[in-house]
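First comes the structure, then the notes that go with it.
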Amino acid sequence: MTDIETIHTVADLRARVRGWRAAGEHVALVPTMGALHAGHVALMEAARRHAERIVVSIFVNPTQFAPTEDLARYPRTLDADRQKAAAAGVAVAFVPDVTEMYPDGFATTISLAGPALGLETDFRPTHFAGVATVVAKLFSQVAPDVALFGEKDYQQLAVVTRMARDLDLPVEVIGVATVREPDGLALSSRNVYLAAEERRTAPMLFRALTDAAQAIRSGTPVAEAVEIAREKVRAAGFVLDYLDARHAATLAPVSGRHDGPIRLLVAARLGATRLIDNIPVG
Ligand SMILES: Nc1ncnc2c1ncn2[C@@H]1O[C@H](COP(=O)(O)OP(=O)(O)OP(=O)(O)O)[C@@H](O)[C@H]1O
Ligand SMILES: CC(C)(CO)[C@@H](O)C(=O)[O-]
Ligand code: BAL
């Protein structure tokens with residue numbers, strides 16, 4: 001069995017990274033919540049192109065879940081995760097417990113605007129404050145040269161990129177293209193929640209986005225293409241949170257297709273499972 005060093009404390013992690021630095025090595029961070037799949041492995045493979053040493057963090061971060069969300073049942077598969085990370089050439093799995101990340105008296109949260117406004121925030125109002133705070137902590141704990149995030153969570157990637165720039169964090173944030181199942185469904189740890197019939201419906205989300213992008217490229221007004229896609233998603237049996245067209249870089253609303261690069265983003269629920277996806281129009 002391939003194995004990997006697993007570190008549980010910030011002090012041990014810093015000591016290990018110090019050793020790498022002393023040897024002149026570069027360090028990449030891949031933050032995850034575990035239940036690793038081929039999407040995560042793509043982040044690790046991209047990381048290998050930037051650094052000799054890769055740290056994968058595996059931490060189901062409670063502060064980004066609302067009390068009504070799936071923190072308790074979020075899939076936890078640490079042994080399999082460690083094997084997948086080892087096979088992908090990762091040096092260290094950083095697996096802190098909740099008290100290591102949030103010691104007694106923890107009282108600091110990052111406040112966000114810009115790309116954090118709207119979309120996910122309309123439905124998960126405290127989510128990105130939790131994400132940004134834990135990611136800022138991970139950046140400080142690992143002090144990586146680069147950190148890799150999936151485009152699957154496109155708004156998260158935009159929020160973290162903005163935060164690193166705004167706070168002058170000395171790390172390059174790199175986005176990695178979404179890895180999909182053959183039928184188009186974006187890989188996600190939460191896909192395991194889907195019942196068989198829901199799994200057959202799930203790729204409709206990607207299809208609705210793809211059709212809308214094609215329509216916009218062919219001259220259909222953005223608002224009309226978006227409305228048709230919303231109807232398709234609802235007709236397939238989803239409860240739609242949002243499906244919208246935004247500026248690809250800032251995530252500000254767009255008024256027309258000549259506004260610059262556009263990203264289509266969707267979040268919708270199938271039974272108890274909430275799925276997100278996004279694609280570029282251009
Ligand atoms: N299909 C994918 N392709 C590329 N990157 C992905 C994919 N799925 C997740 N990632 C990225 O992996 C990192 C860790 O994500 P996370 O551990 O939350 O996995 P997830 O599959 O997105 O789970 P969830 O179902 O909770 O959204 C994030 O940067 C995320 O964008
Ligand atoms: C970036 C992250 C690991 C922070 O907890 C999480 O939001 C995720 O898995 O995308
Ligand atoms: N991949 C994003 C983590 C979350 O939904 O909480």
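Heads up, the Cβ atoms here are built off N, Cα and C, so glycines get one too.
Features of the protein shown, as given by TrEMBL:
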BINDING   33-40, 150-153, Val179, 187-190  ATP binding site
ACT_SITE  His40  active site, proton donor
BINDING   Gln64  beta-alanine binding site
BINDING   Gln64, Gln156  (R)-pantoate binding site
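Across the structure, Val179 (ATP binding site) and Gln156 ((R)-pantoate binding site) place their CA atoms 16 angstrom apart. Met33 (ATP binding site) counts 18 other C-beta atoms within 10 Å of its own C-beta, drawing on all protein chains shown. Taking only the Cα positions, the spacing between the residue listed as 'active site, proton donor' and Ser189 (ATP binding site) is 10 angstrom. Within 10 Å of the C-beta of the residue listed as 'active site, proton donor' there are 26 other C-beta atoms, taking all protein chains into account. Proximity to ligand 2 at the level of Cβ atoms, with a cut-off under 6 angstroms, picks out Met33 from the binding-site residues Met33, Leu36, Glu151, Val179, Ser189. Closest in space to Gln156 ((R)-pantoate binding site), of the binding-site residues given as Met33, Gly39, Gln64, Ser189, is Gln64, taking the CA atom of each residue.
Of the listed binding-site residues Leu36, Val179, the Cβ environment within 10 Å is emptiest of other Cβ atoms at Val179. When the recorded positions Gly39, His40, Gln64, Glu151, Ser189 are checked against ligand 3, Gln64 have a Cβ within less than 6 Å of one of its atoms. The 6 Å Cβ screen around ligand 1 retains His40, Val179, Ser189 from the recorded positions Leu36, His40, Gln64, Val179, Ser189, ordered by sequence position.
When the Cα atoms are compared, Leu36 (ATP binding site) and Gln64 (beta-alanine binding site) turn out to be 19 Å apart. Separation of the C-alpha atoms of Ser189 (ATP binding site) and Gln64 (beta-alanine binding site): 16 Å, rounded to the nearest whole number.
Ser189 (ATP binding site) counts 19 other C-beta atoms within 10 Å of its own C-beta, drawing on all protein chains shown. The C-beta environment of Glu151 (ATP binding site), restricted to residues of the same chain at least 6 apart in sequence and closer than 8 Å, consists of Leu157, Gly175, Val176, Ala177, Thr178, Asn278.
A C-beta separation below 8 Å, combined with a sequence spacing of at least six in one chain, links Gly39 (ATP binding site) to Gly150, Lys152, Thr178, Val179, Ala186, Leu187, Ser188.
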